[in-house]
Amino acid sequence: MRGLTRAGKRASEMAFNAGGGAINWFPGHMAAASRAIRDRLKLADLVIEVRDARIPLSSANEDLQPVLSAKRRILALNKKDLANPNIMNMWLDHFQSCKQDCISLNAHSSNSINQLLGLVELKLREAILKEPTLLVMVVGVPNVGKSALINSIHRIANSRFPVNDKMKRARVGPLPGVTQDIAGYKIASQPSIYVLDTPGVLVPSIPDMETGLKLALTGAVKDSVVGEERIAKYLLSLLNIRKTPLHWERLLHRREEFDEDPDDSCEKGSRGSVRRRQRFNNSDALYVQLACQLTW
Ligand SMILES: Nc1nc2c(ncn2[C@@H]2O[C@H](COP(=O)(O)OP(=O)(O)OP(=O)(O)O)[C@@H](O)[C@H]2O)c(=O)[nH]1
């Protein structure tokens, strides 16, 4: 693990030194948004801190941690469908061993949202009996899936306890910075429970280049801010360090073996239909293999 960390640092240094100028990680609107989030946090009964399941440490906003850890908090590792399940489970064990309520999610999956709502109910059990209004705040770095999560929570909660309010939808988009203002969504009555969507915020200065490049690679920072070439070089260096070209070489080799036996390229589906096994793309593999060698 330590070897991989050192190698990751080396990859980020190489990518960074490739040039491209200084990086401004903190656009103007984030300072105002950070202040507004801190203000509202004082009123929140529960915080859902959304992090990216692929980079659960790098996607933490370190400046907010002292405030967040003093609140009732659920750590939601979102985009679990894009993460390596073995590594993600290791992180879940780690956070749970630190007595932190933690859950891995896919914001578009009803199963995930039902599990999250179960945990929210559990955390708010006592407050639900006492308070007429409760506030759940969703915070996290840009593009981590906060608004998608809120839309799913809103939809599922509304199907369980219909709220008379008009159903609003939070704006979701593939680029960071779509949500610019804090907005509330009512998900229950008696007590009234509101979920607050917040703009994604980063720390004003990212402490090390590797963290910055991981955030860029997973979409928390626009490609143009860091530079497409830097991001691509970092990715290719990581693939190289993890010996991905070697793995692909083996797959290519196996493909040649399949080609020698044409009967092997088909397999029976569960209903007896014959379906073609998905072929490994030879030219893509060779292209990335070559690109990795060039960045080394
Ligand atoms: N694969 C996958 N994509 C997701 C998931 N959750 C959200 N997304 C996608 O991630 C992108 C960003 O989602 P948003 O909900 O807009 O993210 P946000 O955190 O509100 O972004 P900001 O407005 O920058 O704060 C969208 O393209 C979503 O469809 C998930 O669990 N898995």
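Glycine residues also receive a Cβ, built from the backbone N, Cα and C atoms like all the rest.
Feature annotations, reproduced from TrEMBL:
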- Asn78, Lys79, Lys80, Asp81, Gly200: GTP binding site (BINDING)
- 34-204: domain 'CP-type G' (DOMAIN)
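Here the features listed in TrEMBL are painted onto the structure.
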residue : record           : contacts (Cβ under 8 Å, 6+ apart)
Asn78   : GTP binding site : Val50, Arg51, Asp52, Ala53, Ser104, Leu105, Asn106, Ala107, Gly140, Val144, Gly145, Leu149
Lys79   : GTP binding site : Asp52, Ala53, Arg54, Leu105, Asn106, Ala107, Val144, Gly145
Lys80   : GTP binding site : Ala53, Met88, Ser104, Leu105, Asn106, Ser112
Asp81   : GTP binding site : Asn106, Ser109
Gly200  : GTP binding site : Gly140, Val141, Pro142, Asn143, Val144, Lys146, Pro176, Gly177, Thr179, Ala220
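Averaged across the domain 'CP-type G' (34-204), the predicted model reaches a pLDDT of 94.
Taking every pair among Asn78, Lys79, Lys80, Asp81, Gly200, the residues recorded as binding GTP, the greatest CA to CA distance is 21 Å. When secondary structure is read from DSSP and collapsed to three states, Asp81 (GTP binding site) falls in the helix class.
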